[in-house]
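A.B. asks: Before anything else, here's the structure in question.
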Amino acid sequence: MDRRMWGAHVFCVLSPLPTVLGHMHPECDFITQLREDESACLQAAEEMPNTTLGCPATWDGLLCWPTAGSGEWVTLPCPDFFSHFSSESGAVKRDCTITGWSEPFPPYPVACPVPLELLAEEESYFSTVKIIYTVGHSISIVALFVAITILVALRRLHCPRNYVHTQLFTTFILKAGAVFLKDAALFHSDDTDHCSFSTVLCKVSVAASHFATMTNFSWLLAEAVYLNCLLASTSPSSRRAFWWLVLAGWGLPVLFTGTWVSCKLAFEDIACWDLDDTSPYWWIIKGPIVLSVGVNFGLFLNIIRILVRKLEPAQGSLHTQSQYWRLSKSTLFLIPLFGIHYIIFNFLPDNAGLGIRLPLELGLGSFQGFIVAILYCFLNQEVRTEISRKWHGHDPELLPAWRTRAKWTTPSRSAAKVLTSMC
């Protein structure tokens, strides 16, 4: 196999990895290193005095061969990136003949072997992960859309807490849609060079992906903040708090994503904006996410503390305790699901722990929207009751509007009445 084809084959085998990891392209590090080596080699060759004797310095696509005299053998080690596949360091020789450089001996595939069977298994693994997260996001979109329809269509379910849930559902739909858009824009062809590919659509898809991810984290945090406010206050202003959450939950992601896009356009408009591993501007996106994860985890611990105190028998009647529990149980199932997960990985480098991170964040994580829809809608007793009433002809929408508002959405002064079974 020709040395150029051998190098290209290795990179093609690695190409499924960026499809799964999104913004991490390890093969681009290899290509970038080769391009730098080629540039240095050609520059050194130009600086060497011209001579008709021997063989000039040359770049063969993988290694830079220095100037050599006629009849001289030159031995060079395999390119550095081959060390990722084998601990044994190979070497390649070339003879400077009267007609020029000879072919490398032994050939690159022999001197610099790559375990293609292992790479084929990894390719199959990454393809399987992609299938799993595609199925997971698809199921989540359907479930979330149904959940939003239910919460919007049934007026007796209208209350600030369910409004917050609806916003969270929407962010999961956006996040899943952004994944599909990014896959379509960046990985529509196996021949795409991810290291130099640059179109308006691919940049928009990457920016949309970052925005959707930030909104998802911000509304996960909003869920924790809102529940903290309800549990900690005896007379919470639910609707006013909701509109503050709307402003922060959507406004901050717009601000940070817009700032990141501006920095990319002005200072780092290269490739498809997804080579963020060493970019300082990546922290405009990652920094707020890491901070929100830490705050969310702290709020989770505070919620547990409040619930333990409020659920003590001495604190109130069994009826009040039941109301607190019914209010918080779905959120308590959700916050640990995300908090523990992200508290482990978000403070680590992006390429750390990929063996565990891939199946959790991409595989299991793609079903998170589906899980949220189940916890906050389909298993919610009040939602099931309202659906049952409409199904059996007892339409709650036929009740007078003033009765519906007074019973279901208007908070009273009493903490026990504020934390109703519905909101």
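Quick reminder: no glycine exception, Cβ is built from N, Cα and C everywhere.
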A.B. asks: Need the cross-check against Swiss-Prot: the disulphide partner of CYS96, picked from CYS41, CYS55, CYS159.
C.D. replies: CYS55
A.B. asks: Candidates are CYS12, CYS64. Which one does Swiss-Prot pair with CYS41 through a disulfide bond?
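C.D. replies: Record-based pairing for CYS41: CYS64.
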A.B. asks: Among CYS78, CYS159, which cysteine does Swiss-Prot link to CYS112 through a disulfide?
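C.D. replies: In Swiss-Prot, CYS112 forms its disulfide bond with CYS78.
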A.B. asks: Do ALA266 and ILE356 share a side of the membrane, as Swiss-Prot has it?
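C.D. replies: Judging by the topology that Swiss-Prot records, the two residues are on the same membrane side.
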A.B. asks: Among ASN50, ASN216, which is the one flagged in Swiss-Prot as N-linked glycosylation site?
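C.D. replies: Per Swiss-Prot, N-linked glycosylation site applies to ASN50.
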A.B. asks: When a 10 Å sphere is centred on the Cβ of CYS41 (disulfide bond), how many other Cβ atoms does it contain?
C.D. replies: 18
A.B. asks: May I ask which of the disulfide-bonded residues CYS41, CYS55, CYS64, CYS96 is closest to CYS112 (disulfide bond) if we compare their C-alpha atoms?
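C.D. replies: Nearest in space to CYS112 (disulfide bond), counting only the disulfide-bonded residues, is CYS64.
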A.B. asks: May I ask for the residues of the chain that lie six or more residues beyond the transmembrane segment (131-151) and have a Cβ under 8 Å from a Cβ within it?
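C.D. replies: Sequence-distant neighbours of the transmembrane segment (131-151): 157-158, 162, 165-166, 169-170, 172-173, 176-177, 179-180, 183, 362-370, 372-374, 376-378, 383, 387.
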A.B. asks: In sequence order, which residues at least six apart in the same chain have a CB under 8 Å from the CB of CYS55 (disulfide bond)?
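C.D. replies: Within the chain, CYS55 (disulfide bond) has Cβ neighbours under 8 Å at TRP65, THR67, ALA68, GLY69, SER70, CYS96, THR97, GLY100, TRP101.
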